Amino acid sequence: MGSGRGCETTAVPLLMAVAVAGGTAGHLYPGEVCPGMDIRNNLTRLHELENCSVIEGHLQILLMFKTRPEDFRDLSFPKLIMITDYLLLFRVYGLESLKDLFPNLTVIRGSRLFFNYALVIFEMVHLKELGLYNLMNITRGSVRIEKNNELCYLATIDWSRILDYVEDNYIVLNKDDNEECGDVCPGTAKGKTNCPATVINGQFVERCWTHSHCQKVCPTICKSHGCTAEGLCCHKECLGNCSEPDDPTKCVACRNFYLDGQCVETCPPPYYHFQDWRCVNFSFCQDLHYKCRNSRKPGCHQYVIHNNKCIPECPSGYTMNSSNLMCTPCLGPCPKVCQILEGEKTIDSVTSAQELRGCTVINGSLIINIRGGNNLAAELEANLGLIEEISGFLKIRRSYALVSLSFFRKLHLIRGETLEIGNYSFYALDNQNLRQLWDWNKHNLTITQGKLFFHYNPKLCLSEIHKMEEVSGTKGRQERNDIALKTNGDQASCENELLKFSFIRTSFDKILLRWEPYWPPDFRDLLGFMLFYKEAPYQNVTEFDGQDACGSNSWTVVDIDPPQRSNDPKSQTPSHPGWLMRGLKPWTQYAIFVKTLVTFSDERRTYGAKSDIIYVQTDATNPSVPLDPISVSNSSSQIILKWKPPSDPNGNITHYLVYWERQAEDSELFELDYCLKGLKLPSRTWSPPFESDDSQKHNQSEYDDSASECCSCPKTDSQILKELEESSFRKTFEDYLHNVVFVPRKTSSGNGAEDTRPSRKRRSLEEVGNVTATTPTLPDFPNISSTIAPTSHEEHRPFEKVVNKESLVISGLRHFTGYRIELQACNQDSPEERSGVAAYVSARTMPEAKADDIVGPVTHEIFENNVVHLMWQEPKEPNGLIVLYEVSYRRYGDEELHLCVSRKHFALERGCRLRGLSPGNYSVRVRATSLAGNGSWTEPTYFYVTDYLDVPSNIAKIIIGPLIFVFLFSVVIGSIYLFLRKRQPDGPMGPLYASSNPEYLSASDVFPSSVYVPDEWEVPREKITLLRELGQGSFGMVYEGNAKDIIKGEVETRVAVKTVNESASLRERIEFLNEASVMKGFTCHHVVRLLGVVSKGQPTLVVMELMAHGDLKSHLRSLRPDAENNPGRPPPTLQEMIQMTAEIADGMAYLNAKKFVHRDLAARNCMVAHDFTVKIGDFGMTRDIYETDYYRKGGKGLLPVRWMSPESLKDGVFTASSDMWSFGVVLWEITSLAEQPYQGLSNEQVLKFVMDGGYLDPPDNCPERLTDLMRMCWQFNPKMRPTFLEIVNLLKDDLHPSFPEVSFFYSEENKAPESEELEMEFEDMENVPLDRSSHCQREEAGCREGGSSLSIKRTYDEHIPYTHMNGGKKNGRVLTLPRSNPS
């Protein structure tokens, strides 16, 4: 089934200006204009969409019963942008979403509609989401989404942003209707959605297509033109979307017409409008014209040019100029030649007459067969009144409604180039009410060749016929039997012989009849037979039933030619005449009779023959779909199913087949943490009770002993009428759908073509009571054990039952579980069983009252540091599945506290841990929450938490003694170590601690033997609340949390909280706090800020400023257009890159002013705040994530060689100048969106390349200004590189107005240094130690070496070890830095 346009079905190339959603803005790619497609039965033809950008016609994908989800996983057609007619999906199994199939479908124009709809999704049994996240406009028509049992994400779509009018949308009987969908828009699981929200029916709701794709909502002022990713309005000629604002060449689709890569309001010369959406040239239209003229296929039009349009034919009043295909106005009456493709055109209704409206010349023959109609004469004159000439013959046959032929008011010529059998050019037969031909006083008619034929026109006078002979010039051409003298104008007839049927055979839609031959004395008088038949439920039909003077006739009449007969009576072997009746209704009784059609003459009377009326019934066939299936659950193990018989039983319905199969819960429910704030808890409801009176009686009589239910109020007449209209409309749509999509299968030619009709293997009939309840399916979490074994799909086997009535109680089901039920009607219990198309319905059993209760007591285990581990057993067979647990605990005398435990967290710990409990008596209880709601609370469990400092004095003595001895021993060992260290200074081969993410000098080296002392930075523990994990840091887990009163003027602040692992040693805990002490000295807006320390109690916490967008490297990569986690923002502009550069330079200038050298400046170690400010520092998470950015040289420590300067790689020199080299690489990362530097080179090759004087090439399309900055940073001579203050000075004029208010560059702290300090800064920068407490060492080194270049390098190599600001030496590596070659 194609597009229905004949020769228009050839795909033509098209270069469309389309911006690929999620791709590079403004990207142009080639595509094709493809014809409409009907893809059914299998996926073979689906690949024809591979290169289509536009489907000029409709797209139907339907009736695929053997496809599976994996068949669609690798299928994607990203080039498809627009469908000009409609999109229909119907019964495609295995298809779960359209997001991968049509990721860039943006516009459905609706030029031709499917039953008034442009988008139809009907009975898609596995579809879970639409996923058309780039669909922006449905130009004409509405949306119909119906009977999709798994379809969600419908309530989250704002159709008013896609269609102009949503009142005619029909979206019913989907899973979304039952509120069973846990629709989660992107970002909701993290507590903040990224999707726009709009108001529908008074509800302000986020809009999205799937859990990972928001609905794009443009500003209202953009109307339907669409907008860019930044929300800027497209050009007025755009439709749906664009890549750049106000540019007609950057549209995804065009509002009016498309021409040469841009959208235009109208097609300029020499182009013409075509199909209401594109411009074509004359050659294109000419090719269509000649192609169709030569092919003469039905429905193929010979296109012409008119009013700047390439259209199928000229309108009325115009004729085609064959030289240029133009439609030119006629001079006077306009000849409009209408070609009859089949040679003959039968006019049997007003509709068929309208097809000839405006025609003046008929190239072919006309057959008029009108039996009835309203205002028929006026309608025929309006449509046929302009016909002046007929090239063939005119036949008026059995037109009971005609009284005159005057509606042919301009007909003046019948050429007779094609004649009816017997050489007739005018043929009038059996017109019961025809009284007049024309008013011959006013009408002239010429018949060029051929004869006249008049028979069985009882009300047409012979004088009228003879007048026509004279006027038309045919007098003398007729033979004796051409004009019957006794059947024209005379109703008498004689039929006295009985015809008998000799053979009858039936099928479900055909009847084959044969009867005994009949020949009059002169066999030439037999014109043929007339077969009459009609539906007859009862055997009481007479011949004249349903006929009246107005031409109404309830009989269907078929003209049958007489059998062939030889003129030699001796050799005649007459065969039995017969007829095959087609297109009948199955299992229907028909009344049939046959009579002869013979001629009458004035010389003799010929007697005819007629049969008796017989009754024949067609055979049975497959019944239609059972109507109105309703499913309800009356208990936790039963579902009641009711339905109505099919509208077309097509036989005696003997029984019904019912199949049911348990459905697995949505896999997304296992992955989401429903304890997060803002995440909607999924809900499932069982099937509601019946509402109709019949259903209530049905329930009470068979399944419910109580009759105390309240009655519902009777419905009003308007409600009943509305329900009837909706039911009728729904049935009409389904009939239309089935008539369109179910077409006869082509007969197989023996080539073994696969029959893809839905088939079902016979299942063993089992007792319903023996159905085994299976356990719910659990996802495979890594490293998680569970007491509930996962259930595979094989265990959800289907069951079948044969039912002899229109209801069934399905028992033995699992509580609160969804079931998919199929229902088929069957007739004739025979070996070749006939079962019809299945109806589908979904139902869910009621919840079990105690199924969600936790069995057994809640146990506990108390650990040190006042940590209590609570443990309990999962409910063995919950209602659906458990989504979370609620823990309620309280200390005696305090208020009750509640803790939410997610399913995933419970699986990890088989319970949960309560931390930071104060000493005292506690009670705790737990309850589970399933898809059905909350279970019951467990019985309270009691435990006592002691004060870990409250220990007996004798135990204290036992512990304190050894501690004193260990302390004294440590002091002695430490003294020896320091003495040896002073005598053995570290040289170039000395040890250096390097972490996989080194940044700052650690306070552990500043105060190696100190113990942290609480100060004004101390924060009470109760003011810190942990919300969620951010990742693993150097010492332990890093959390996002809330801190109260930690910043002056803010009641509550979102912070990052670093912790120490429980297994950490005392030294590691001290180092952790000492590292926090280092951060206390940083008070720069562009350096991550310390907010407080919690050192009292366990665990130790360090509270830092929260950087909401993570590290700069991840942030830049997320801005790539093809990134899966793209937040919907475009890549940074030049202005934004300059702002980032200045913020990093300002933070580094501050650190240098504090005499700190970074040594690992990279995008991974810069953090991005909520307002996209970039700051120096991280939360200790990049060590595991980016360890591949480091290189272990010579078996020693890890070094970030791709960011290191030549002198650092060669001599181990780390200075402010080497930081400047790294700063240049950071610039390169910003402009390349965090690509890997020196891609294609190994770490060893990078070492050699940089030490030999090489550096990075600027990225493609890099702004020249940033390229110049990079090259300044990559000067081989360190002294030639700029300082960070100079970088800020170069960029200060292009920065945000807020920069002077917050930056170090403009602060009072950045005062000009004294001359001697300035001199030291430039000359002795390499001597700046990593320990800011070692100023005396700096002075001593400067005096000893005299400031020469060689001395500086040698002195630098004597720097002391250092560690990362977020980690101690445990994550460092001791390595020997390489010596420079003596040469």
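Backbone N, Cα and C atoms are what each Cβ position is placed from, and that goes for glycine too.
Not measured: the values here are computed from a predicted model.
Taken from Swiss-Prot, the feature topological domain 'Extracellular' covers 27-759 (among others), and the record attributes it to a curator's inference.
Look at Swiss-Prot and you will find Ser399 (among others) tagged as phosphoserine. Counting every protein chain shown, the number of other Cβ atoms lying within 10 Å of the Cβ of Ser399 (phosphoserine) is 26.
Swiss-Prot lists Tyr400 (among others) with the feature phosphotyrosine. According to its DSSP assignment, Tyr400 (phosphotyrosine) is coil.
All protein chains shown were included, and the count of other CB atoms within 10 Å of the CB of Ser406 (phosphoserine) stands at 18. When secondary structure is read from DSSP and collapsed to three states, Ser406 (phosphoserine) falls in the coil class. Sequence annotations record features per position, and here Swiss-Prot assigns phosphoserine to Ser406 (among others) based on similarity to another entry.
What Swiss-Prot lists as region 'Disordered' is 687-709 (among others).
The region 'Insulin-binding' feature in Swiss-Prot is assigned to 734-742; the stated evidence is similarity to another entry.
Taken from Swiss-Prot, the feature region 'Disordered' covers 747-783 (among others).
Look at Swiss-Prot and you will find 754-848 tagged as domain 'Fibronectin type-III 2', backed by sequence analysis.
If you look up Swiss-Prot, you'll see 764-957 (among others) marked as topological domain 'Extracellular', on the strength of a curator's inference.
Among the features that Swiss-Prot reports, compositional bias 'Polar residues' is placed at 771-783.
Here Swiss-Prot flags 854-948 as domain 'Fibronectin type-III 3', drawing on sequence analysis. Note on the domain 'Fibronectin type-III 3' (854-948): mean pLDDT across this stretch is 89.
The region 'Important for interaction with IRS1, SHC1 and STAT5B' annotation in Swiss-Prot covers 997-1000.
Taken from Swiss-Prot, the feature phosphotyrosine covers Tyr1000 (among others), and the record attributes it to similarity to another entry.
According to Swiss-Prot, the feature phosphotyrosine maps to Tyr1186 (among others), an assignment based on similarity to another entry.
Swiss-Prot lists Tyr1190 (among others) with the feature phosphotyrosine.
The phosphotyrosine annotation in Swiss-Prot covers Tyr1191 (among others).
Over all protein chains present, the Cβ of Tyr400 (phosphotyrosine) has 20 other Cβ atoms lying within 10 Å. When DSSP labels each residue, the domain 'Fibronectin type-III 3' (854-948) comes out as 10 helix, 48 strand, 37 coil, counted as helix, strand and coil in that order. Cα of Ser399 (phosphoserine) to Cα of Ser406 (phosphoserine): a span of 14 Å.
In this structure the C-alpha atoms belonging to Ser406 (phosphoserine) and Tyr400 (phosphotyrosine) are separated by 15 Å.
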